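Reviewing the structure listed below.
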Amino acid sequence: MPARGAPLSRTSRLLLLLLFKVSVSAALSFVPEPRNGTCLGESCSPLIQRRSRDARGPGNSAKDALRVHVPREKLEAEVRGATSWDLPPPRGGDTGVIEEAAAAGPLGPPTKPPSAWRWKSAQGKEPSGHLRRRDPTDPQLFFPTSEGGEMSSKRDGIPQSRQEHSVKTEPRDLFYWPRRTGQLQDSQHRPSAVHEGRTLAPPGRALPQNGSADDWVPDQGGPRRGNTTRRVRLKNPFYPLTQESYGAYAVMCLSVVIFGTGIIGNLAVMCIVCHNYYMRSISNSLLANLAFWDFLIIFFCLPLVIFHELTKKWLLEDFSCKIVPYIEVASLGVTTFTLCALCIDRFRAATNVQMYYEMIENCSSTTAKLAVIWVGALLLALPEVVLRQLSKEDLGFSGQAPAERCVIKISPDLPDTIYVLALTYDGARLWWYFGCYFCLPTLFTITCSLVTARKIRKAEKASTRGNKRQIHLESQMNCTVVALTILYGFCIIPENICNIVTAYMATGVSQQTMDLLNIISQFLLFFKSCVTPVLLFCLCRPFSRAFMECCCCCCEECIQKSSTVTSDDNDNEYTTELELSPFSTIRREMSTFASVGTHC
């Protein structure tokens, strides 16, 4: 028979067991969730996912490294087609990205990233044309790389090398939040809603590690593209002292000598012919016309060419690239036709000396001959304007302006007729240049001078004593024309050699050799324009006497020392010489004129 307290003890024991089970179940049900972010999919709340990403840094979780990738083409198509932050996530991607985008709103990503940001290029390739590299206000895309990423990868149990390998092999599956440039990374300002969507970050740019987006620096791993905020500066050719700087000093000194001598000499020739009544013949007018073009070459083209040679930049850019070759080729045409006209004029004088010097040509005849020379030279040089194009080449130095070259290249934007004519001229330019500007003046002048010299020798044998001095001056003038032709041919040979090398041996010749040939041909052209008046003063006594008279009239000492009797004798002697000069059109009956011409 059970005791009286047995039911009570059994009931109390059952209550204790029930209470123990309830307490154990309650204790097990209130265990907190782990904070290492191991929950997957929608089982994790947005708050836990956000907190986990803030602790590890975005893009460094184990799920990102183990993500199943979709094809790149489809992924890029989704990126380009997206117009807002609400984009469908990639297959197997993290759903927390979309919730984070919704929390951030349409104005941009959450501010204050946990680490520094830098550019990341996607396999060294440029993105498609939706991003413009040159506009600093375009959206720029970043992703974090810092020490926090290494620690988060260790906490997730994924080695850093494996994580970097996954990023390097498949970089196009990483999508980053766009940010506008010009804002500090720790700033609370949010980007404008104009730039929306996700885009791959373009290569070739990098931000400094201080987080400033204002001072751009070129990426170490790729070529420089687009404009930078660094001011490009011209190359200083004179400092520091190197072999190139010594060459720059030599070029500058030589150009100063050519410039000064050419300007003074050609101005003197034009002044003598224009201010001296007895020197206004057809031959002297042709020489004054030649002096004008030589003056134009030295005054306008020489400074531009020297500036380009020293700084590798054209001063007036595309205009100077087109106008300098045009003026140079037109000057060659003027020299060619002038030498041919001088040879014809000398042949007429040698055929009948007495009739030639009794014949006076009026101003309209001289103007017509000069107009034919000008129009022919300008029209033949016109295709040079169409062929020349300005090209820029990077020197490979940081902060240096790109080198500019004036190359022969036909623009495809020309009309069809002009384009066909330019192609035809380009194909025949080598032999046209060689035949018209080298063979024509040299061969024609040498042939005509030989015939003229033969006529002069025959006239000298049959002449009287009074005509021998005139024939001697004709022979002197003939030698002057031959000397001018030899000088012209010597200075034009390097230009033809440069054209032949460019046409047939351009692949086997370095760019430095081509530049050297080009600058030599340019300097020889300037040298020809400089030496022509000097040669004229040395070989032609009337020009030298007129030049000395022009110089002495500016000196008071010469005027004070000259007496009336001496000046009358000198004027009579000078007038007699001018009558016999081949440069003069004075009649023999006009020997009573005492004055030589107007003063300077």
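Glycine residues also receive a Cβ, built from the backbone N, Cα and C atoms like all the rest.
Quantities reported herein were computed from a predicted structural model and do not represent experimental measurements.
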Hey, in Swiss-Prot do Glu244 and Ile344 share a topological domain, i.e. the same side of the membrane?
no
Disulphide bridge to Cys406 as given by Swiss-Prot, partner from Cys321, Cys340, Cys479, Cys491:
Cys321
Which one of Asn36, Asn362 gets the tag N-linked glycosylation site in Swiss-Prot?
Asn36
For the topological domain 'Cytoplasmic' (274-286), the number of residues DSSP places in helix, strand and coil:
10 helix, 0 strand, 3 coil
Which same-chain residues, if any, lie at least 6 apart from Cys406 (disulfide bond) yet have Cβ under 8 Å of it:
Trp314, Cys321, Val324, Pro325, Arg388, Gln389, Leu390, Ser391
Let me spell it out: take the topological domain 'Extracellular' (308-322), skip the flanking residues so only those 6+ beyond its ends count, and list any with a Cβ under 8 Å from a Cβ in it.
234-235, 237, 248, 251-252, 384-385, 388-390, 395, 401, 403-404, 406, 519
Summarise the model's confidence over the topological domain 'Cytoplasmic' (274-286) as a mean pLDDT value.
83
Could you tell me which three-state DSSP class Cys406 (disulfide bond) falls into?
strand
According to DSSP, how is the topological domain 'Cytoplasmic' (452-480) divided among helix, strand and coil residues?
27 helix, 0 strand, 2 coil
Winner by Cβ pairs under 8 Å against the transmembrane segment (323-343), considering only 253-273, 287-307, 481-501:
287-307
